[in-house]
Each structure stands twice: as structure tokens, then as C-alpha cells.
Amino acid sequence: MMQESVTETISNSSMNQNGMSTLSSQLDAGSRDGRSSGDTSSEVSTVELLHLQQQQALQAARQLLLQQQTSGLKSPKSSDKQRPLQVPVSVAMMTPQVITPQQMQQILQQQVLSPQQLQALLQQQQAVMLQQQQLQEFYKKQQEQLHLQLLQQQQQQQQQQQQQQQQQQQQQQQQQQQQQQQQQQQQQQQHPGKQAKEQQQQQQQQQLAAQQLVFQQQLLQMQQLQQQQHLLSLQRQGLISIPPGQAALPVQSLPQAGLSPAEIQQLWKEVTGVHSMEDNGIKHGGLDLTTNNSSSTTSSTTSKASPPITHHSIVNGQSSVLNARRDSSSHEETGASHTLYGHGVCKWPGCESICEDFGQFLKHLNNEHALDDRSTAQCRVQMQVVQQLEIQLSKERERLQAMMTHLHMRPSEPKPSPKPLNLVSSVTMSKNMLETSPQSLPQTPTTPTAPVTPITQGPSVITPASVPNVGAIRRRHSDKYNIPMSSEIAPNYEFYKNADVRPPFTYATLIRQAIMESSDRQLTLNEIYSWFTRTFAYFRRNAATWKNAVRHNLSLHKCFVRVENVKGAVWTVDEVEYQKRRSQKITGSPTLVKNIPTSLGYGAALNASLQAALAESSLPLLSNPGLINNASSGLLQAVHEDLNGSLDHIDSNGNSSPGCSPQPHIHSIHVKEEPVIAEDEDCPMSLVTTANHSPELEDDREIEEEPLSEDLE
């Protein structure tokens with residue numbers, strides 16, 4: 001039992017490996033061998049001790065096995081005596097290194113090892129454990145270092161590979177560039193004539209442009225020759241008289257004769273814009289009615305390529321317009337005969353390049369506007385613009401036809417006149433008017449007017465039978481145009497607010513309207529100014545002039561009353577005085593037509609055309625009183641109704657804007673037949689417009705015309 005307990009204790013205990021060599025060599029002396037093992041532990045290293053322990057354990061195990069085989073027949077006593085010495089030592093060398101407290105107590109009770117030996121074993125065991133920990137840490141550090149080295153090597157290899165790839169890519173790109181350059185060189189060598197072909201194409205384009213220019217110049221020369229021939233033919237017929245200082249008349253009054261409507265539309269589209277019916281009227285009747293229907297729509301386009309105008313006389317009060325057109329057209333036709341060149345600027349759409357002379361313009365035209373895609377596209381755009389303008393012109397012509405139909409006036413057909421007549425239109429001004437009213441309005445390019453064709457033969461006077469029931473006619477037109485101003489402004493509020501168009505009313509009417517629109521029917525001067533600028537875009541400029549006109553009207557008109565109140569000085573309207581002043585203008589005695597303003601509105605232009613129709617239709621018959629019949633009398637009556645209506649609603653200050661409705665302030669002016677003493681020897685008998693006004697009406701006219709002149713200055 002003692003041997004078995006010692007064997008189990010040793011097998012479960014841990015002994016120091018440094019002292020195992022002495023125990024295995026001396027099995028019989030346990031205590032002495034333990035001491036000697038403590039002495040040798042300091043001399044032998046840990047690694048050597050481990051090897052020795054393993055070898056000794058193996059040897060002890062072998063010896064134990066051999067002894068068990070040889071002593072199997074011996075008595076149990078002898079085997080019991082030997083086992084305590086051999087088995088525990090061999091088993092102890094193979095046991096783990098940790099000794100539990102229970103195992104320690106068993107060893108102490110059995111007295112196999114002394115306490116000193118056990119302490120020495122424990123110390124050795126701790127030293128061995130520390131050494132093992134140090135070895136493990138050392139191994140870990142070495143492994144980490146090796147791992148880091150491996151990672152660094154891998155990174156270096158990757159970087160090297162990337163650098164190699166980049167170098168390869170650069171080399172490939174260089175090779176591709178070299179190949180492309182080589183291909184380009186080869187292509188240039190294979191096709192040396194491409195540049196020459198391009199140069200030839202450019203030269204061909206320049207030649208085509210030069211040919212087109214020559215063709216256009218030839219067309220212009222042909223046009224000039226045809227115009228001169230037409231002028232000579234008219235002069236021979238006695239229809240016109242050209243003084244020595246005058247070379248030509250405006251193209252608007254002398255359309256081309258001998259050309260078909262298609263040729264006129266193609267060659268003179270920007271010059272005349274006149275209907276073929278009107279051309280026939282010129283050739284047969286000897287009267288100029290061309291601009292009656294076209295002035296309102298084509299007045300802004302006729303100044304582009306008109307022939308030279310060298311005379312300085314006033315025609316229809318349009319001296320300023322004719323001077324401006326003469327300057328622009330003479331520059332185009334004389335020094336530089338090209339439609340696309342004027343005032344030193346290229347008129348190609350969107351170009352406007354400055355050219356000092358005509359030669360530089362030709363170079364610019366051949367270089368910049370050659371036959372290419374851009375120029376072709378610009379030509380197409382210009383064609384579309386022309387088409388749109390033609391469509392608009394046709395619409396306006398249809399509108400004019402409908403208006404004339406509504407006014408019970410069919411278009412007049414031209415009739416041949418054996419004796420040309422001298423008709424001075426109601427739109428023209430007499431010499432006395434030019435002398436007495438230096439502040440007459442200059443004619444603007446967009447203002448439609450009726451032209452005059454001077455004719456030197458044949459007296460003609462309107463007979464009394466042609467103008468019946470003048471009083472009834474006057475009353476009807478007075479009622480027709482006696483409409484409030486608010487009904488005119490209300491539907492056209494946005495138009496007057498945004499368009500730079502002067503309203504067709506006098507300053508007095510506008511001031512009254514401003515005051516009547518206010519809540520308490522009274523306004524200060526600044527509030528009146530604000531109403532003018534807020535309601536009409538026309539009064540947002542030239543404030544100094546029209547404000548002076550407003551103050552002038554406020555101070556001179558009796559219908560405006562100045563009242564002092566809490567707000568200060570305010571202005572009110574005396575409706576009784578205003579209506580009294582209005583009735584004085586409406587109910588005037590029938591007088592001769594005189595002093596008709598030169599600037600007419602759209603309705604006045606229409607009535608001017610009706611007057612021309614009157615002259616063409618009725619006056620040839622009036623030259624022979626026996627040919628007058630009831631039809632001609634009715635026609636004259638209708639014409640005079642429209643004439644008196646147009647004269648009644650003209651603005652008393654002589655100003656009216658195109659496209660505006662009739663005006664509430666009117667002068668009662670009527671046509672009266674009366675032979676007038678001729679002022680020129682060449683005109684023995686003619687229709688000259690004169691007028692008589694009462695002193696009160698003259699005062700009102702002076703009041704309204706003076707601020708208007710200030711406005712235009």
C-alpha cells in the first residue's frame with residue numbers, strides 16, 4: 001500500500017527537470033541525490049536540462065519495463081522493496097511540472113521528499129516557467145518581425161509592379177503617337193493636292209460673289225435707266241414739271257411704268273410696295289394715289305433703297321423726311337451703288353462692319369460673306385422675314401378694304417382724264433400757313449400722309465349740287481365722334497402704357513380725365529404729372545417740355561379751377577365751363593377748309609384717300625357740268641360726309657398719332673365751293689383749303705398749339 005500511494009503521488013506531482021539526472025543515476029539514494037540535483041541545476045542550461053530530462057525519462061521507462069519482465073517470478077516482498085526506489089523516479093520525470101497542494105501534502109506525509117527539496121523544486125519550477133515565458137515572447141517578437149518583413153517585401157514588389165505598368169503604358173502611348181504622326185505624314189505625302197483644291201474652291205467662291213455683285217450693279221443701272229425714261233415720258237405728257245435743280249421725284253409718287261407686277265415685286269420690293277391697280281391709275285389718270293393705301297404699312301420700309309432726291313422743296317410738309325431719305329439714298333446710289341452698303345457700314349444682316357470706302361466693302365463682302373453655309377442660312381432667314389412682312393402687308397391691305405367697305409365707299413377705279421387737274425389735298429399747307437406758323441410739326445417717317453402730284457391745267461370747282469344737306473352731315477359726324485375719352489383709353493390702356501405713342505387728345509382733355517378719375521375729383525399738380533407718366537409711356541420722356549404745357553393749360557383754361565385746401569393747392573374741373581368750351585368748338589359756322597394739320601392719324605389718312613378718290617371720280621365730271629348726274633352727286637355727298645368727319649375729329653393742337661381712335665375735341669370745318677384766286681400763274685383755278693374761325697376758337701387753338709410746340713422742342 002505504501003508503494004502504490006507513493007507511485008500515485010509521484011505520477012501526479014511535478015518535479016524540477018534540472019535535478020532529474022542525479023535521481024535517475026542513483027535510484028537508491030533519494031535524499032542525497034536531491035541535494036546534488038540542486039547543485040547541478042545552476043551549471044546546466046535550461047535547454048540542455050530539457051534534453052537530458054527527456055533522455056533520462058526514456059531510459060528510466062526502459063529500465064522499468066526490463067525489470068518488470070525479469071523479476072516477474074520473484075517474491076512480492078522483493079518487488080515491494082525495489083518499487084519505491086525505481087518507479088516513482090521514472091514516473092516523476094514524465095509527470096507534468098505543476099504540483100497541486102494535495103499532492104504536496106501527500107509527499108510530505110509519506111516523507112518521500114524533504115521540505116527543503118520541495119522548496120528547491122518549487123523555485124526551480126518557477127525559474128523554468130519564467131524562462132519558458134521569455135522564450136515564448138522572444139519567439140512572438142521574431143514571428144512579428146518576420147511578418148512585417150514579409151509585408152514590406154510584398155508592398156515593395158507591388159510598387160515595382162505598378163511602376164513597371166506605368167512605364168509600359170507610357171511607352172505604348174508614345175508608340176501610338178509616333179504611329180499617328182507617321183500616318184499623318186504618309187497621308188500628307190499621299191495627298192499633296194488637298195490644300196491646292198481648297199484654295200481653288202475659295203477662289204471659285206470669290207469669283208461667284210464677284211459675279212453676283214456685278215449682276216446686282218447691272219440691275220441697279222437698269223432700274224435707274226427705266227426710272228429716267230419714265231420721268232421723261234411723264235414730263236413730255238405734261239403731267240409733271242421738273243425745275244432745273246431737281247433731278248428726280250420720290251419713288252413713292254412715281255412707280256415704275258412698263259414693268260409687270262412680278263418684276264416690280266422682285267426688283268422694287270423694298271422701294272415701292274405699291275399695288276398694280278395704283279400703277280394703272282398713274283398711267284391713265286395722271287393723279288398720284290399710290291401712297292394713300294400703302295403709306296400706313298410701308299412707310300418704314302421705303303427709305304432703304306430709294307433713288308436720289310435732290311430737290312429741297314416741301315412736298316406735303318415732309319421736307320425733313322425727304323432730306324433724311326435724300327441723304328441716305330444718295331450715299332447708296334452715287335458713291336457706292338450697292339444695297340448692302342450704306343453710311344460706311346455693311347448692311348448684311350448681323351454684320352454692321354465699318355468699311356471706309358466701297359473697295360474695302362467689296363473686299364469685306366467677298367471675304368466674310370462668301371457662298372458658304374452661314375451666308376446661305378442668313379439668306380434663308382431674310383427670305384422668311386420678307387415673307388412675314390408680305391403676309392402682314394396683305395393683312396393690312398385687307399383690313400383697309402374692309403374699313404372702306406364699312407364706310408360705304410367702294411374702291412375707286414382709275415379713269416382717264418383728258419384735262420389734268422390741279423388738286424391740292426386737304427393735308428397740305430398753304431404758303432400763308434408756312435409763313436405764319438413756324439412751329440408746324442415736322443413729319444415723321446411713320447406718319448401716313450397723302451402726297452400731291454402738281455398738275456398745271458384745267459380749272460375745277462365743286463358745284464352746289466354736289467354738297468347737299470351740309471348741316472345734317474355735320475350733326476351726324478358730331479354725334480359719331482362725340483365719345484368720352486375713357487371709352488378710348490380703357491380698351492387701349494396697355495397699348496398707351498407700353499407704346500411710345502402720343503395719345504390723340506389735347507392736354508386739356510388729358511388733365512380733365514386725370515382729375516375725373518381721382519376719388520375726390522381733385523388733384524395736385526404733382527398728382528397730375530404722376531397720372532400722365534403712369535398712364536402714357538409717351539410722357540415718360542421730355543418731362544420739362546410737357547410739364548410746362550400742362551401748367552400752361554391749367555393756368556389759361558377757364559374750366560380748370562385752383563382751390564386751396566388742407567392738402568395745399570389742388571385743381572378741379574368746372575364741367576359747365578368745359579362743356580361750354582366744347583360746344584363752342586362743335587357748333588361753328590360753315591367755313592372754308594383751312595389750316596389742316598400736317599400730322600394725321602390713321603382715320604385722317606383714310607379720309608385723305610377718300611378725298612383723292614373724290615378728285616379722281618368726280619372732278620373730271622365736274623369739268624363738264626352737263627355730265628353731272630344723280631350718281632355723282634350721291635358719291636360726292638358720301639365723300640364729303642367722310643371728309644367732314646375726319647376734319648371734325650382732328651386734334652385742335654394739330655397733333656395726332658397713327659393708329660389712334662377719333663378725338664373728343666373737334667373743330668367744325670366744312671368744305672365750301674368757292675372759286676379762289678390763283679396764287680401762281682401756272683395754276684389759274686384750283687381747290688385751295690382755307691378756313692375762318694371765330695376769335696374764341698382762335699384763342700383756344702393758340703392755347704393748345706403753344707404747349708405742343710414746347711413738347712416737340
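Here the Cβ of each residue, glycine as well, is placed from N, Cα and C on the backbone.
Residues or ranges marked as compositional bias 'Polar residues' by Swiss-Prot: 1-28 (among others).
Annotated region 'Disordered' per Swiss-Prot: 1-44 (among others), in sequence order.
Feature annotation from Swiss-Prot assigns region 'Disordered' to 279-337 (among others).
Per Swiss-Prot, the feature compositional bias 'Low complexity' maps to 290-303 (among others).
Look at Swiss-Prot and you will find 313-322 (among others) tagged as compositional bias 'Polar residues'.
The feature compositional bias 'Basic and acidic residues' is assigned by Swiss-Prot to 324-335.
When the zinc finger (344-369) is classified with DSSP, helix, strand and coil residues number 11 helix, 3 strand, 12 coil. Per Swiss-Prot, the feature zinc finger maps to 344-369.
Among the features that Swiss-Prot reports, region 'Leucine-zipper' is placed at 386-407.
Annotation source Swiss-Prot lists region 'CTBP1-binding' at 420-424.
Among the features that Swiss-Prot reports, compositional bias 'Low complexity' is placed at 436-457 (among others).
Feature annotation from Swiss-Prot assigns region 'Disordered' to 436-463 (among others).
Annotation comment: Swiss-Prot describes 502-592 as DNA-binding region, evidence class sequence analysis.
Swiss-Prot lists 647-666 (among others) with the feature region 'Disordered'.
The feature region 'Disordered' is assigned by Swiss-Prot to 676-713 (among others).
The feature compositional bias 'Acidic residues' is assigned by Swiss-Prot to 697-713.
Each residue in the zinc finger (344-369) has a pLDDT score, and their mean in this model is 88. Per DSSP, the DNA-binding region (502-592) is made up of 52 helix, 13 strand, 26 coil. DSSP places the residues of the region 'Leucine-zipper' (386-407) in helix, strand and coil in these numbers: 21 helix, 0 strand, 1 coil.
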